[in-house]
């Protein structure tokens, strides 16, 4: 009887820790990592200031990127605040996109789309503004659905959800995504009755792929992490500036 109890307890413990249910094949098709605590202290803890992963447990180091006591989501958009006043206007987003290398047409369409969709939720008043500003201190109000949940509802960074992007979707390379994998991932993230989230999520990932894919057509993990805290934008803009200056000389 005692042996039966031990076996029974072992089964219960095993089931309690299982991330796969045989009756739900999708749980096996999209596995989650169970080893994160070997690499990241408390990977389930939302990080307010830094975007951490197994390769960067302290977040972005070196370079010019500083968190400045802004949430990771605020850092994500601050690159586009050209004058540093805490408010992003459509023309600032347009200029930021141009600095990143997008052409005039794409920059115009994306800037209009972003501010049309995200401005109103961030306004400090119920009255809309025809200038369509985005207030950085309220950017968490503009978080849309059907996403990876790497940002929580307050704009903090969730390491466990970031790592699960790759455990669930990276089939060709463990730390990179193909365009097809991105397309399938954004399909899998779609929530019911959330057309805005469907379009926004897919559009953001396709733009990121266009911006940061490598020579082999993969989107690297480090580039994805960098876009979450905005350090990728700063790096790419700086590289383009150096390249332009090099051509002049």
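Glycine is no exception: its Cβ is also placed from the backbone N, Cα and C atoms.
Secondary structure from DSSP puts residue 76 (heme binding site) in a helix. Within 10 Å of the Cβ of residue 76 (heme binding site) there are 24 other Cβ atoms, across all protein chains. Marked as heme binding site by Swiss-Prot: 76.
The Ca(2+) binding site annotation in Swiss-Prot covers 81, 83, 85, 92 and is backed by sequence analysis. Other Cβ atoms within 10 Å of the Cβ of residue 81 (Ca(2+) binding site) number 18 in total over all chains. A coil conformation is recorded for residue 81 (Ca(2+) binding site) in the three-state DSSP classification, outside any helix or strand.
Across the domain 'EF-hand' (68-103), DSSP classifies residues as 17 helix, 2 strand, 17 coil. Taken from Swiss-Prot, the feature domain 'EF-hand' covers 68-103.
Among the features that Swiss-Prot reports, motif 'Proline-knot' is placed at 124-133. Away from its own ends, the motif 'Proline-knot' (124-133) comes close to residues 87-90, 115-116 of its chain (Cβ-Cβ under 8 Å, at least six residues beyond either end).
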Q. By DSSP, what is the split of the motif 'Proline-knot' (124-133) into helix, strand and coil residues?
A. 0 helix, 0 strand, 10 coil
Q. In angstrom units, rounded to an integer, how far apart are the Cα atoms of residue 85 (Ca(2+) binding site) and residue 76 (heme binding site)?
A. 16
Q: Using a 10 angstroms cut-off on Cβ to Cβ distances, just flag whichever of 85, 92 is the loneliest among these binding-site residues.
A: 85
Q) 10 Å Cβ neighbour count around residue 83 (Ca(2+) binding site)? A) 9
